[in-house]
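Annotated ATP binding site per Swiss-Prot: Gly13, Pro14, Thr15, Ala16, Ser17, Gly18, Lys19, Thr20, in sequence order, evidence recorded as sequence analysis. As annotated by Swiss-Prot, substrate binding site applies to Thr15, Ala16, Ser17, Gly18, Lys19, Thr20. Here Swiss-Prot flags 38-41, 162-166, 243-248, 276-283 as region 'Interaction with substrate tRNA'. What Swiss-Prot records for Thr104, Arg126 is site 'Interaction with substrate tRNA'.
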Amino acid sequence: MNKPLPKAIFLMGPTASGKTNLAIELRKRFPVELISVDSALIYKGMDIGTAKPNAEELLQAPHRLIDILDPTESYSAADFRRDALKEMDDIVAQGKIPLLVGGTMLYYKALLEGLSPLPAADADIRAQIEQEAEQFGWEAMHDQLKTIDPVSAERIHPNDPQRLSRALEVFRISGKTLTELTQIKGDALPYEVHQFAIAPKERAEIHRRIELRFANMMEEGFEAEARALYERDDLHADLPSIRCVGYRQMWDYFDGEGTLDEAVFRGICATRQLAKRQITWLRSWKELTWLDSDDIDGALELISTQLEKK
């Protein structure tokens, strides 16, 4: 007989949906260990603006893959998959269940389905692309991508030089488009995965929570935290860390764009848009059980029932 696959739990959801609170309750009741699935929580020194679990919450439920990088560093879906698999193996070896909690859907997808065989970065080709962009502009580079790979060009904005450069680089290295290569599946996740998404039933409730969270962040010192990053000489607005919602709007404010109140308003709007994209992605997700964030007891019961099924 084949050995049964180890269990794993995905706890997904839009920002401000109550994922952390539910994860803490789950850890009290089940033999689980938490792994963060969040492209912002990986950064050190970015605590308030990312709504990182506080010291008390981390004491109740330690999260792996939090505070692992400096904001100068980049972190890909491939990096996450590698690190998450290592942490999952370690948790299973302890006789526990990995509980992956967060809202970065691309990370979940990479972990669940594996990654396409994309070529490694090539510094020479990347430098050549950047030189062309300096000469002709990123709009012209985007037009070039439209000719080569219209599907990727539709998804990638001309003002996103990192992703635009990568799409062109992939084609120049491999002779295949990013669209072609991403259709090739990688290794599937060797776990029995139970997938849940938590959200309030009403969209207005998400909006209310986002506004409340932003108000709390400002009271806790988000402006000072963001300014400390801005005053570093090794950070700039195009880094993935600084493109995180909230930080980007504060950065623009420090650059002289509008008032602090306007920056906060833009941050709230950007966070709402993020939540909307997360919900749209989750609605297309297969084999997903939805949980009501206003009924934690009911959510715990649903999770318990599903875990005991197999």
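Indices start at 1 and increase along the chain as displayed.
Cβ coordinates are placed from backbone N, Cα and C, and glycine is handled just like the others.
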Lys19, Arg126 as recorded positions, winner by CB count within 10 A: Lys19
Same-chain residues near the region 'Interaction with substrate tRNA' (38-41), Cβ under 8 Å, at least 6 residues beyond its ends: 49-50, 52, 63, 65-67, 75, 80, 102-104, 106-107, 240-241, 244
The one of Gly13, Pro14, Gly18 whose CB sees the fewest other CB atoms within 10 Å, among these binding-site residues: Gly18
Output field, ATP shell: CB within 8 Å of site CB centroid, site Gly13, Pro14, Thr15, Ala16, Ser17, Gly18, Lys19, Thr20 dropped: Gly103, Ile198, Ala199, Arg209, Ser293
Gly13, Pro14, Ala16, Ser17, Thr20 filtered to the binding-site residues whose C-alpha is within 10 Å of Thr104 (site 'Interaction with substrate tRNA'): Gly13, Pro14
Winner by Cβ contact number (other Cβ atoms within 10 Å) across the recorded positions Thr15, Ser17, Thr20, Thr104: Ser17
Coarse DSSP state, helix versus strand versus coil, of Thr20 (ATP binding site): helix
Number of other Cβ atoms within 10 Å of the Cβ of Ala16 (ATP binding site) across all protein chains: 25
